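Trainee: Positions annotated as active site, proton acceptor by TrEMBL: HIS144. Feature annotation from TrEMBL assigns substrate binding site to ASP102, GLY152, TYR307. Annotation source TrEMBL lists divalent metal cation binding site at ASP179, HIS181, ASP268. Under the heading compositional bias 'Basic and acidic residues', TrEMBL lists 406-415. Marked as compositional bias 'Basic residues' by TrEMBL: 452-463, 480-492. According to TrEMBL, the feature domain 'Histone deacetylase' maps to 29-322. Residues or ranges marked as region 'Disordered' in TrEMBL: 389-501.
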Amino acid sequence: MYRIGPHSRRSVDYFFTKGVGDYHYGEGHPMKPHRLSITNSLVIGYGLHEHIDNFLCPQPATVSQLETFHDSDYVDFLSKLTPRNVEEMFRLHGDMVNSSEDCPVFTGLFEFCKQYAGASILAARRLGEESCDVAINWTGGLHHAKKRGASGFCYVNDIVLAIQHLLRKYARVLYIDIDIHHGDGVEEAFYNTNRVLTVSFHKYNGEFFPGTGKLDDNGSGLGKHFALNVPLKDGIDDESYVTMFRAVMEPVIATFRPSAIVLQCGADSLGCDRLGAFNLSIKAHGECVRFVKSFHLPLLVLGGGGYTVSNVARCWTYETSVLLGVQLPNQLPSTKYDRYFLNDRRLHPPLVRNVENQNTRQSLEKIRISVREKLRYMDGAPSVQMQVLPPDLTRWLEDEEEREGEGEREREDNPKMLGEWYDPESFAPSGEGKTLETGSASVMYEPVVLPKRGKARKAGGRKKVVEEGEEGTGGSGTPRGKRRVVRRKSGKRKEDEEVDI
Ligand SMILES: [Zn+2]
């Protein structure tokens, strides 16, 4: 229905909030927002901005936007957290943070969350308005955050917020997650609905963070059969991964018939990642992006994990070029971040480690057959079942209609707000274009858009709370007075521990 003509060039919007790469999770923490600045500098250094239709600097998400998914007391908690009051806040609301080591409190934390979430929300909104065909936000993709809890380096789940927006326009949204960690926060949010199908490819051995995402977790209620998990083992190589990805996604898309796709491109599934254990090259990772793009559906592309920052920047730059249909030379452009690439100045360095591929032909075939089996249950169902929305979603849609109505009125009354989605002030304080530092080149940006069709122009690791003796469900909060097992994201470095709560 919303399929875009396969031969017309797709318009691509790119979202980057100035300053989003300046936050710091703290000494030694694997999550480094700085990778976003490095990525952006390579994108511009390669001149890809000249092929991007609209290069946008979004406004931060508002509190009420965050509350379309997150509980208001949790958003309130996040908004008040500072490095100074952290002990008191954690004493009062410690249940809202899975691990203070994985999810530390740093200066500007809430602003950071609002920035990456604002970008994903705007991206979804523009896709919904059909203002673009592809929307890229490498600053988003924080898939572990829960309705009422921070987890695995993620505080606000921008993906859920974006999908909620897409559901206003699109009947069925397909979420695909190629981060090495299970996309538990997104799966959980839409576990009971058949309007969102989540498909996560990840490492699973029952121990690796977040400990969920086994083959048989398939959704529940109306959402039964609308969550798919592809659990993989260490060392998976390019050929096995890409073959599996295509073998799963082709029938999934044919059966579910999504009207829009959200692709989380966590780069910790690359070889040589600081926390990951797969053996993928950047080309193979990008091949998944190319394959999804080939279906010519409205597409939101997000970042996610990725802890060897130079490779994250290479990967997302390459994937930007894939989405734009532009070929890049292997030699990296010179930028202000050259020091990150002293060892290898190529876009595609060898990333294969000497790690044995523990995925056998038989184990992969078992997964593929299992997914095919599950799809038989889904076949033909969504169009009928969609008429009954789950209670939560129904209420959310009603609230959203109301909020939207108010927003429209406000905008009519106050013409200044018309620019809210493009944040003209952040790029052009006095009506002039503002120079954005780009490394090798200084690029002058007009405040709103580049011309259409512009040719010339995880600290020690995340933890997961699992009730003793049972499989974790990814839910936030554990009843007090029980003993819980805490799992960290980089569990390979630290033993899981038990704590009294
Ligand atoms: Zn990850």
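From the backbone N, Cα and C atoms, a Cβ is placed for every residue, glycine too.
Heads up, TrEMBL stuff is auto-annotated, nobody curated it.
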Trainee: Compute the C-alpha separation of TYR307 (substrate binding site) from ASP268 (divalent metal cation binding site), stating it in Å without decimals.
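Mentor: Here the two Cα atoms are 6 Å apart.
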Trainee: Fewest neighbouring Cβ atoms within 10 Å: which of the recorded positions ASP102, HIS144, GLY152, ASP268?
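Mentor: Selected from the recorded positions ASP102, HIS144, GLY152, ASP268 on minimum Cβ neighbours within 10 Å: ASP268.
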Trainee: Whole-number Å only: compute the distance from the Cα of HIS144 (active site, proton acceptor) to the Cα of GLY152 (substrate binding site).
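Mentor: Cα-Cα, rounded: 6 Å.
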Trainee: Relative to ligand 1, which of the recorded positions ASP102, HIS144, ASP179, HIS181, ASP268, TYR307 have a Cβ found under 6 Å from one of its atoms?
Mentor: ASP179, HIS181, ASP268
Trainee: Tell me which of the binding-site residues ASP179, HIS181, ASP268 ends up closest to GLY152 (substrate binding site) in space, Cα to Cα.
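Mentor: With Cα distances computed to GLY152 (substrate binding site), the winner among ASP179, HIS181, ASP268 is HIS181.
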Trainee: Tell me the Cα distance separating ASP179 (divalent metal cation binding site) from ASP102 (substrate binding site), rounded to the nearest angstrom.
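Mentor: The Cα atom of ASP102 (substrate binding site) is 17 Å away from the Cα atom of ASP179 (divalent metal cation binding site).
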Trainee: Could you give the mean pLDDT over the domain 'Histone deacetylase' (29-322), rounded to a whole number?
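Mentor: Mean model confidence (pLDDT) across the domain 'Histone deacetylase' (29-322) is 97.
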Trainee: For ASP179 (divalent metal cation binding site), what is the tally of other C-beta atoms lying within 10 angstroms of its C-beta?
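Mentor: The Cβ of ASP179 (divalent metal cation binding site) has 25 Cβ neighbours within 10 Å.
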